[in-house]
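Going by Swiss-Prot, these are the annotated features:
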type	residues	note
DISULFID	29-75	disulfide bond
DISULFID	111-122	disulfide bond
DISULFID	145-190	disulfide bond
DISULFID	189-198	disulfide bond
DOMAIN	209-394	domain 'Albumin 2'
DISULFID	220-266	disulfide bond
DISULFID	265-273	disulfide bond
DISULFID	286-300	disulfide bond
CARBOHYD	288	N-linked glycosylation site
DISULFID	299-311	disulfide bond
DISULFID	335-376	disulfide bond
DISULFID	375-384	disulfide bond
DOMAIN	395-476	domain 'Albumin 3'
DISULFID	407-453	disulfide bond
MOD_RES	434	phosphoserine
DISULFID	452-462	disulfide bond
């Protein structure tokens, strides 16, 4: 599928399929004609699976069936000029029925209170939160071929749904490219005289594309959750924690560069955006940090740019530096033209001194700095800072201490050892707890730690979990 085809269909489906405007209809009809029904349907399945990842296969399949059917009917030669508008209106009405077979969304009921085009636009804007914990598990070669031989089309549909709903934050061209290559591999190897050898060879050839797709899904998911400014802060925190001996001038350009890449590539319909941009970023990583840190130097000996990127991405935090405590930025720092520079400097200095996961630091720093910046809009900013700074400092300190307590021992131990130490700490803290109560607390705390105490923890899930744990501190 050529880049322009993906571009046009993505735009048409993402923003306009339900609108019924002539120019949008023409785009979709052009794609149906160019791609053919089967590829058009496959691309529709990918798009709706990534848009509604919490839905069932049956719900997404039913929606795709309706969309393909109305597109075929309304794009046929001699079709009624009002066909597209009529059929999309019927689809939006059907979506509002209590037993509608389509993806379920909490916003549907509100959309159904609207009429006509307004309802269609409301429906078109609905989407689920992306999956932050991909659960797709590839079957064995034998299981793949058994399912493929039994029902090739059914296997392909199920795979497109499962993979696209789990890795839907990867740029669309990467998702299309990988899934198409995967299904081609299955078709070739399951009809081969030596399927095991075939799968081994094909997977080796697809390895870099697979890594690029899954890693792009990771970083784009984080970017989608944070937005551009918080992503920039997040990358700065991570780099400062990984290389606390570096200078701000070494790490800030890297944080900004990666943020700019994600802003360009995550929603790009260019086939090679990530493949072109990430290798250039790894050169900058090695140029800035390989001489500052032995682990980054080791990463830069990896044989491929993707290897370097993955090595640096998954690198754990280093021991924080033992440096004098730093003061919060003042009104002079935050209310002048150099406010961004002051916030970057404070974020960097706090991060290199602090051993608490990035999701904690990003959350509390965002709240702290935002509250102080609001003082700049008051009549007496100096007085506001004098009042707010001590409060923010106490909240910041309490938050970090609580985060360190929640994640204590996690990064330095295997999961089994961590759970043992956690049980010992909880037993000491609550000596009267029954074995069942203790087991429940260990399970709850260890589940939280496994998801939110690493350097690349998913922001959406962990933010809500941290809110629940830190409510008293955040509301103080």
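Heads up, the Cβ atoms here are built off N, Cα and C, so glycines get one too.
Note that the coordinates shown come from a computational prediction; the quantities given were computed from them, not determined experimentally.
Cβ contacts within 10 Å of residue 122 (disulfide bond), excluding its own Cβ and spanning all protein chains shown: 18.
Mapped onto DSSP classes, the domain 'Albumin 3' (395-476) shows 62 helix, 0 strand, 20 coil. Checking each of the disulfide-bonded residues (122, 220, 266, 311, 376, 407) against residue 462 (disulfide bond), the C-alpha distance stays within 10 Å for none of them. Within 10 Å (C-alpha to C-alpha) of residue 198 (disulfide bond) lie the following disulfide-bonded residues from 190, 266, 299, 452: 190.
The closest partner of residue 265 (disulfide bond) among the recorded positions, by CA position, is 111; the full candidate set was 111, 335, 434. In terms of Cα distance, none of the disulfide-bonded residues chosen from 189, 266, 286, 335, 375 sits within 10 Å of residue 311 (disulfide bond). In the shown protein chains, 19 other C-beta atoms lie within 10 A of the C-beta of residue 286 (disulfide bond). Nothing from the disulfide-bonded residues 29, 266, 299, 407 places its Cα within 10 Å of the Cα belonging to residue 189 (disulfide bond).
Just so you know, the Cβ of residue 75 (disulfide bond) picks up 18 other Cβ atoms within 10 Å once every protein chain is counted. The least crowded of the disulfide-bonded residues 111, 265, 299, judged by other CB atoms within 10 A of its own CB, is 111. Within 10 Å of residue 335 (disulfide bond), judged by CA to CA distance, lie the following recorded positions from the set 29, 266, 375, 434, 453: 375. A gap of 21 Å separates the Cα atoms of residue 286 (disulfide bond) and residue 273 (disulfide bond). Listed in sequence order, 246, 250, 251, 253, 254 are the same-chain residues six or more apart from the residue listed as 'N-linked glycosylation site' with CB atoms under 8 A from its CB.
Note on proximity: among 122, 145, 273, 384, the disulfide-bonded residues of the record, the Cα nearest residue 300 (disulfide bond) is that of 273. Nearest by CA distance to residue 29 (disulfide bond), out of the disulfide-bonded residues 273, 375, 453, is 273.
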